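If you scroll down you'll find the structure; I have some questions about it.
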Amino acid sequence: MSRPVRYGAAAAALALLLAASPAAADAATPSVAQATSGQCTAATRIADAPPAFQILQAERAWALTRGDGVVVAVVDSGVNAANPHLTGAVLKGVNLVDDDADSTGRSDDYGHGTAIAGQIAARGISDSGVIGLAPQVKILPVRVYADVDDQAVKAGTGPDISRLARGIRYAADHGAQIINVSLSTAASDARLVDAVAYAADHGSLVVASAGNRDQTESVASNDRDGARYPAAAAGALGVAAVGVDGVVTSDSIHGPHVSLSAPGQNILSVSPAGGDCIFAADAPATSYATGYVSAAAALVAAQFPDETPAQWAYRLEVTARRANPDARDDVSGWGIVQPYSALTLVPGAGLRGPDSPFVDAQPAAPEASATPVAVHDHPPANAQAWAIASIVAVLALAALGTIGTLAVLRRRKDGTEEPLQGRGLYGDEVTTEE
């Protein structure tokens, strides 16, 4: 039996983690820094590579693998397979929403799933710097909602816990090694917990958003720190977002479910309109941070196909960049994901950090030489800022003595926090099942 639940009852609310709208891009060939005017159209092309790639060790990781042979499920609003960056990258999936959209999940009127898929698997094309962090993986689209507005919620096509759990199980049953879930709920719902366990039993790793903080009145009750699901389920990786300075801010929900952090601001990806676009320009969003951790996990799965999901997760956690190698915290988890370091970890003795599912673990010996695969002929926009920010962030955290003691960003000049308007795109209610 279904019942409507007001957002005042946070335990029943399933929240879509998407910035209010993507920052628009010019239809010429702008840089990332210039791509905040005009509109994202089918003709929009942005020449720079994704700004986050410097901190994500993309070129070094690609010298080892680009993700060939791995399937990543995007459990979201569908994926627009017609975008030229996704040609040949999107498998036939499923539409679990009761509407008239493509039954294989390869359409996306809302656009959120398409942007995530582009972060993970976009192929390079001429006149564009957009490329996914794992550009040889295949995407399995699992459409679990159509939109998040009031009309969709009332029609029963908005975000829904039952459909999300079914989507995770579908992905596990259809060969996805990595399952991206850029959704969250404060409800510790057995259906989600069981779905994550089911996925792990079938060789799939669930990577899920830690949650976005939204200080608008309609979602204030769902704005508190604390566990979010499915990220908090045993076996899942929960992901917080860092800003352009490399620091997790108050925009992310903090809690025991945070396993890792990744860039979540100024995200260069594909637009459902068919071109390129910048997302989350105003503040970091955990949806996009989750996309990058899913891509990193896919690279690890491609390099180590005989390992388990728990071992893939361990590689990412133990090698993440953090000030204190012995500890995680509720703000940034084990630190900022470092794919190349995860790929070069050799199981052995002596590593500090999370408990190892291997018998032993130790850092890999440096490789003699591995020629990086260049993304383009010039440095990506904001690459220097990302690199400097990551160094400054680690030094600052070390000086504080703990990653958990972080400066809260986005403050007004008078010293008060600036409310984040419309970050969640929540409607008034969500239909859940008893």
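Backbone N, Cα and C atoms are what each Cβ position is placed from, and that goes for glycine too.
A TrEMBL annotation is a machine prediction, not a hand-curated record.
Sequence annotations record features per position, and here TrEMBL assigns active site, charge relay system to Asp76, His112, Ser287. Marked as domain 'Peptidase S8/S53' by TrEMBL: 67-335. Look at TrEMBL and you will find 1-27 tagged as signal peptide. Summarising the annotation, TrEMBL assigns transmembrane segment to 385-409.
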Under a three-state reading of DSSP, tell me whether His112 (active site, charge relay system) is helix, strand or coil.
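Assignment for His112 (active site, charge relay system) reads helix.
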Could you give the Cα-Cα distance between His112 (active site, charge relay system) and Ser287 (active site, charge relay system), in whole Å?
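Cα to Cα, His112 (active site, charge relay system) and Ser287 (active site, charge relay system) are separated by 9 Å.
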How many Å separate the Cα atoms of Asp76 (active site, charge relay system) and Ser287 (active site, charge relay system)?
10
Including all protein chains shown, what's the count of other C-beta atoms within 10 A of the C-beta of Asp76 (active site, charge relay system)?
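Total other Cβ atoms inside 10 Å, all chains included: 32.
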Under a three-state reading of DSSP, tell me whether Ser287 (active site, charge relay system) is helix, strand or coil.
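Assignment for Ser287 (active site, charge relay system) reads helix.
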Given a 10 Å Cβ-Cβ cut-off, pick out the one of the active-site residues His112, Ser287 that has the most other Cβ atoms nearby.
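The residue with the most neighbouring Cβ atoms within 10 Å is Ser287.
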On average, what pLDDT score does this prediction assign to the domain 'Peptidase S8/S53' (67-335)?
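Mean pLDDT across the domain 'Peptidase S8/S53' (67-335) comes out at 95.
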